[in-house]
Amino acid sequence: MKGSSWKHRELFVLVPYAVVFYALLIRRSLQLSHDHHAKLYGLRPGWIFGRLIDATDAQWRNFRQNLPILTGVFGIFTLVANLLKRSFSLKAKGMSFYWIVISLAYLFYLHQACILFIFGIASANFFLVKVFGRTKYFLYGLWIFNLSFLVCNRIYEGYRFSSFGEHWAYLDDFRGTFRWHICFNFVVLRMISFGHDYHWTDQYSGFNYKKHIQRCDHCSTGKTCYLVLQERRATNDKFSFPIYLCYLVYAPLYIAGPIISFNAFASQLDSPQTIYSSREVAWYGFRWVFSLSLMEFMTHFFYYNAFAISGLWKQLSPMDIFIIGYGVLNFMWLKFFLIWRYFRFWSLINGIVPPENMAKCINNCHNLESFWKTWHASFNKWLVRYVYIPLGGSQKKLLNVWVVFTFVAVWHDLEWKLLSWAWLTCIFFIPEMLIKSAANAFQVEGAFGEFIFRELSAVAGAVTITCLMVANLVGFVIGPSGINWLVSGFLQEGGLLTLSGLLVSFYVGTKLMFHISDAKQRKEKSR
């Protein structure tokens, strides 16, 4: 106990520092929003105390505006689905036909005539899988096919019907309310998953079920977790066209995910999820409503995204740039948290469990690896299963991260700033991986050794958080053209002082993350 007493004593310094840090950050954020709101565009009349609301993010604005109709539509679909399931004891094929009908209506509202493009490409992919899926070099063809459409869809902006002949041109007047090629990025991931899982059906799986059940909190209680659902090979009858089509266009997960593997999806059509009870699902929904209220409060009082969109951050001091950048990253996290959890909530009600996307708060990640395991976590699971491991896994880690993040950038969009973000992240990844390898080989002995190791880890965490902020600001706010301006701003006298203060703050934050992790470990051991 004496060896770890210093951990408890340091909390008397860390916690007050964190309280003061966030109090000053909130105060300055309110002041910036108050002083500059007249220069920001995209602000709209709000409903909280007559304040304006930051509606500059198109993705969040569209989701927020369509939330009532989405909730009504999914509520009706879910009610009918559960009534049919209970009345007729529908299994995989029956439920797949129902969800295809429902999803087709949903897709027709979104895309209208453009659903012809979706079903044309999806049908060609199914034909490719069924004909060549068991051949040796099939996976190369699968990836070439899907990557080609991923790129072409973007280049040609979803294509024009007039390109196929003048007698098709009238269909260009019926393209729906949502661009189909944006949603199709998720469909591409599902088509690749279907092809891989079909190709691997007759191959040996190295997954150790017995060892997993002993370690898994869900499986040890008799439930079946997502990992088992994913690794358990689907039977050949599950690889039918109706189930495949249902998987691609399953309404609750169609627009934004979370991403679920074909094996996991098909197995849950027969046996709906048992991981979460009805009470737990209801609590999940209540927490979502509470998080929505936090977002409403943030966008009414802090205009972070409006500063980024308006370009006004260029006129601010280095400290204020940090506050805006930090605020934008928190806004982005909460935005995706709400969108992904909303659709996951409806999927849970319908008996399909996809992975959780935001498994950890953005302010509780002190290294790149843990950050990318918890930010868009379902995509991370998909990348590990279908890209990282087939390329050699940890044996070729230094090379694989470049392939993985380049694919992630291209998958999001064909923009140089996203490629810059991807390659900057890879550059920052390399020293972290090397340090982790050295740390794993280093044996900590005694309380003093543990103290030194923890301090060095906290310093490394502070540097990593700084690098992570820079990479995401370049990718999603300032672009590659703003790198020189950002560096020159922080290399000035005032900028260096700000940078030093940020590193100290991130050091304190990392130490607090260690304490949170220690508390969780103690809680797990006490069970």
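Quick reminder: no glycine exception, Cβ is built from N, Cα and C everywhere.
Annotated range for transmembrane segment in TrEMBL, selecting from 38-57, 178-197, 398-417, 498-517: 498-517. Under 8 Å from some Cβ of the transmembrane segment (67-84) lie the Cβ atoms of residues 90, 94-95, 98-99, 102, 106, 251-252, 342, 346, 349-350, all in the same chain and six or more residues away from its ends. Long-range contacts of the transmembrane segment (286-309) within the same chain, counting only residues at least 6 positions beyond its ends with a Cβ under 8 Å from a Cβ of the stretch, are 29-30, 32-33, 36-37, 40-43, 46, 48-49, 51-57, 60, 316, 324, 327-328, 330-331, 334-335, 337-338, 341-342, 345, 477. At the 8 Å Cβ threshold, with sequence separation of at least 6, the transmembrane segment (321-343) comes into contact with the transmembrane segment (12-30) through 3 or more pairs.
Most Cβ pairs under 8 A with the transmembrane segment (498-517) among the ranges 12-30, 137-156, 241-266 are made by 12-30.
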